[in-house]
Amino acid sequence: MTFDLDLIISFLPDILRALGVTILLWIVGSALGILVGFVIAVLRRYGPRGLDLALLAPVELIRGTPFLVQIFLLYYGGPFIGLSLDSVTAGLVGLTIYGAAYYSELWRSGFNAIPRGHIEAAQCVGLNRRQTLKRIILPEMTMLLLPSMVNMTILMLKETAILSIISVPELTLAVSALGTKYYAFVEGFAILALVYWALVEACSAMGRYAERRLSKYRFAAT
Amino acid sequence: MTEKPAIKVEKLVKRFGANTVLSGIDLVVPRGQVTCLIGPSGSGKSTLLRCIAFLEEANEGLIEINGEPLGFTSGEYGERNRLPAAQIQKVRSHIGMVFQQFNLWPHMTALGNVAEALVTVRGMPRKAAEERAMAQLSNVGLSARAGHYPSELSGGQQQRVAIARALALDPDIMLFDEPTSSLDPELTGEVLNVMRELAQSGMTMLVVTHEIGFAASVGSKIVFLDHGEKIVEGRPDEVFGKPRHERIDQFLDTYLDRGAATLL
Ligand SMILES: Nc1ncnc2c1ncn2[C@@H]1O[C@H](COP(=O)(O)OP(=O)(O)OP(=O)(O)O)[C@@H](O)[C@H]1O
Ligand SMILES: [Mg+2]
């Protein structure tokens, strides 16, 4: 068996389309996960105690089970409870839920990492809760959480490959289909690895750039 | 009619769980003077200051700021009624607070820290707020550092920015909680000098400090707290001069190096 580059080039349009689906699911899923995760973290922190406990269970459940199992249950088990989603929607919903659980924990650690004195100083000059959240807590958290957020977002990219088991037309599915058809698994998966890696590197590079830009905002020594 | 004191604290009790940290404190802070709060570690100095800044809510007792009740009023039968949030905010706005840890916001420049509340709370246009902030920074000798972030400033500079931030809102009472305790000795002086100037300008100040020299020279009144109780109160010469209260003697011996104690 030889490494058949021509084969890959001839299927480039298909592969690129699948890559587009992967990137779209990744970006939208991560963005929604970050957003929903933030809402969960805020509700758990500022809401009534019952709500905190009520949200703890699903977050722990999601974090305690493999994404593959979750997505399988959502797609094939959903119809039994009247939730019939097409594969792309199920994939996006699944990614969002999965990401939200992890991102919510990151946001929570961020809230806990902000020195109480920074918030008290805001209170003392008259900022209300909403203003304190917007002007002090969120910006401080952003720089504290940036490295771990980037890391989680990288994991999210790699989880999109799992969506191939429910036939989401993303990159891994497209490449393995080609592999099956032309018996070109090695070429296909080698390229696959390179593409994911390139995306991860791009994401890390953006993270590093942002960190550099934010470095002067680091916490001052006291 | 006599003028109302800047701060009046009556029978203030604060508990953390089963731990009674303030057991019925009475305190009057006269206007236009510096009152210094001293006492051993854990005696409740910070807690008292934080109750006056309404960062902690006392369990019993009352606080009045310029004659207006802070947080709670006492009803007909001695019960405490919580005041509406807007009223609390209004009374609080007379008070500026400076912390031991400076607590500058790391994502804003010195200027940004000072201008923040002017824009966000007072609704001033950014430009006007920054002009005012700049004037405050130059009062504490830091106009040249306006564009620096807290991480780019020394501890003493950070604390002076924190003082400017509190003063920008034009409070008539300033609370300081050990403002120089986390500073190297050579940076302590620059902060104490700013506080001295502030005192000379007639600001009402309540200062928790271990700088006995500062307390003795700038303070009009010294209040000594121990185990949540006010033990001694008086002019510096009364409190530190001989004969001294036995607890003050112990305190000076235990908490100060001999050199500082003999200066008195
Ligand atoms: N948030 C809190 N929860 C529980 N206990 C507290 C809290 N804040 C303070 N305490 C307790 O209250 C007591 C008084 O503390 P406080 O900080 O007022 O003392 P202090 O006189 O300021 O001491 P120091 O000189 O060390 O700053 C201490 O025993 C402390 O452990
Ligand atoms: Mg203290």
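Each position is counted from 1, following the chain as shown.
From the backbone N, Cα and C atoms, a Cβ is placed for every residue, glycine too.
For A:19-204, the entry in TrEMBL reads domain 'ABC transmembrane type-1'.
Under the heading transmembrane segment, TrEMBL lists A:20-43 (among others).
With a threshold of 8 Å between CB atoms, the same-chain residues lying at least 6 positions outside the transmembrane segment (A:55-75) that come near it are 40, 43-44, 83, 85, 87, 90-91, 93-94, 97-98, 100-102, 104-105, 159, 162-163, 165-166. As annotated by TrEMBL, transmembrane segment applies to A:55-75 (among others).
Among the features that TrEMBL reports, transmembrane segment is placed at A:81-103 (among others).
Per TrEMBL, the feature transmembrane segment maps to A:144-168 (among others).
According to TrEMBL, the feature transmembrane segment maps to A:188-210 (among others).
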Cβ contacts under 8 Å made by the transmembrane segment (A:144-168) with residues that lie 6+ beyond its boundaries: 21-22, 25-26, 29-30, 33-34, 67-68, 71-72, 75-76, 87-88, 90-91, 94-95, 98-99, 102-103, 106-107, 109-110, 113-114, 176, 196, 199-200, 203-204, 206-207, 210-211, 214
For the transmembrane segment (A:20-43), sequence-distant contacts whose Cβ falls under 8 Å of one of its Cβ atoms, 6 or more beyond its ends: 51-52, 55, 59, 88, 91-92, 95-108, 110-111, 149, 153, 156-157, 160, 163, 168-172, 199
